[in-house]
Amino acid sequence: MTADPLTSSAAPGAEYAGTASAAYRSALEVIESVEPRIAAATRQELADQRDSLKLIASENYASPAVLLTMGTWLSDKYAEGTIGHRFYAACQNVDTVESIAAEHARELFGAPYAYVQPHSGIDANLVAFWAILATRIEAPGLAELGAKHVNDLSEQDWESLRNKLGNQRLLGMSLDTGGHLTHGFRPNISGKMFHQRSYGTDPQTGLIDYSAVAAAAREFKPLILVAGYSAYPRRVNFAKMREIADEVGATLLVDMAHFAGLVAGKVFTGDEDPVPHAHVTTTTTHKSLRGPRGGMVMATEEYAPAVDKGCPMVLGGPLSHVMAAKAVALAEARRPEFQTYAQNVADNAKSLAEGFLKRGANLVTGGTDNHIVLLDVQSFGLTGRQAESALLDAGIVTNRNSIPNDPNGAWYSSGIRFGTPALTTRGFGADEFDRVAELVVEVLNNTTPTQASSGPSKAKYTIADGTAARAHAASADMLAANPLYPGLTL
Ligand code: DSN
């Protein structure tokens, strides 16, 4: 395994590690002089991230260049609107920043159009939903009424158009089979906006059954078919999803927030690359793509003009400092080293999955072919909540997750979701991920649920003496061999 160039001592990150250290030391001194508790928490976060096995599938470590880009006066500028068309004066530098970020995104993903303003994944999906509604419902509605702009409509006509906008259908992957809350679920605004239905996975294999998706689409006739996931450990055939969307006249929206890094790194190509197949593709920039916390939307020419109106339609003022950091991260992702990184992420996930399977653990779908491994912890006699807490005691940071037909619901759950993007950035290889699987199994084998007065507790547990300490000691060696931000001293 080659160490990662952006965060390990082997390459470019190391060239500026000394400079970055000086920059961070100065920054923390300045922060300390105003609110020392924030400086202390910031230092402690680095120490904690350095000392634990970060296996949360949606987290990563951005490079010092990306992180430093966010700490500037670009943050102070208002720039509502879009490139060259702002509602504020003096946006020339924000125009430059946003144009460069969008250009990198278009080039990296081969997209006709990219919009880099969304502040998060939910914002990106909201922009996408409203761009689709504007294109497919509002524009033809206005034309039918002989109007150019919504402000030209009578109150009655606007009311009727508003009802149409708020009464559309969306078909997405169910939450318990790995879909995301923003794909039409009631606690999220998407579920309040749309009449939603879900497709699941095959109960035997745990895999997406495309003929079942097609049948659901034919029956439900959604305006929007959503593909994408946050806890499905397999690849998706987006060409098939597009065929299904086309057959029923739906717009295909792919949310690639989780696997954007595998698309950028050319691990997912052809039918597995969503961008050429989707009408609209959304993503976050901070997960496997390893950029700053934020979102992004890519679209065909047909949807681009509506997406471009994301601010002020859905979004508040763009975060110019974050758009700048997106540009830096996307420039990094265009380097050949990023393709090596992305392939390592997928190879390491396989190694982690095999490590679990050979030690007798059960995995949802029986394995992985992306960056996610979903462990069913029922065979350990634990809930997801108990397993997550016991692993945290041992310095292994994960998150609990529902599994299909989860008997414990979403809060306690029966699964633990693991992801390889972060530790792969640190330089962990296949052998180390096998060792991680061994540590996890050892911790869970030594954890037992605590009896509560009203029967077994779904949250409380006991971990056998010495287990957590042994796991800490074993991971300390691996963490020391693969340091986070080597050369960065505070
Ligand atoms: N919260 C992200 C995740 O952990 O998958 C998705 O929004």
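Including glycine, each Cβ sits where the backbone N, Cα and C put it.
Over in TrEMBL, the protein carries these features:
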{"type": "BINDING", "residues": "LEU175, GLY179, HIS180, LEU181, GLU301", "note": "(6S)-5,6,7,8-tetrahydrofolate binding site"}
{"type": "DOMAIN", "residues": "32-135", "note": "domain 'Serine hydroxymethyltransferase-like'"}
{"type": "DOMAIN", "residues": "167-439", "note": "domain 'Serine hydroxymethyltransferase-like'"}
{"type": "MOD_RES", "residues": "LYS287", "note": "N6-(pyridoxal phosphate)lysine"}
{"type": "SITE", "residues": "HIS286", "note": "site 'Plays an important role in substrate specificity'"}
| request: Between the Cα atoms of LEU181 ((6S)-5,6,7,8-tetrahydrofolate binding site) and LYS287 (N6-(pyridoxal phosphate)lysine), find the distance and write it as a whole number of Å. | output: 17
| How would DSSP class LEU175 ((6S)-5,6,7,8-tetrahydrofolate binding site) in three states? | helix
| task | Report, as a single number, how many Cβ atoms besides its own are within 10 Å of the Cβ of GLU301 ((6S)-5,6,7,8-tetrahydrofolate binding site). | result | 8
| field | (6S)-5,6,7,8-tetrahydrofolate site span - longest C-alpha distance across LEU175, GLY179, HIS180, LEU181, GLU301, in Å | value | 31
| query | Does anything in the same chain, at least 6 positions from LYS287 (N6-(pyridoxal phosphate)lysine), have a Cβ under 8 Å from its Cβ, and if so what? | reply | ALA57, SER58, GLU59, ASN60, ALA257, HIS258, ALA260, GLY261, PRO421
| message | Tell me the Cα distance separating HIS286 (site 'Plays an important role in substrate specificity') from GLY179 ((6S)-5,6,7,8-tetrahydrofolate binding site), rounded to the nearest angstrom. | response | 19
| What is the number of residues in the domain 'Serine hydroxymethyltransferase-like' (32-135) that are helix, strand and coil, as DSSP sees it? | 61 helix, 9 strand, 34 coil
| Given the binding-site residues LEU175, LEU181, which one is most crowded in terms of C-beta atoms within 10 angstroms? | LEU175
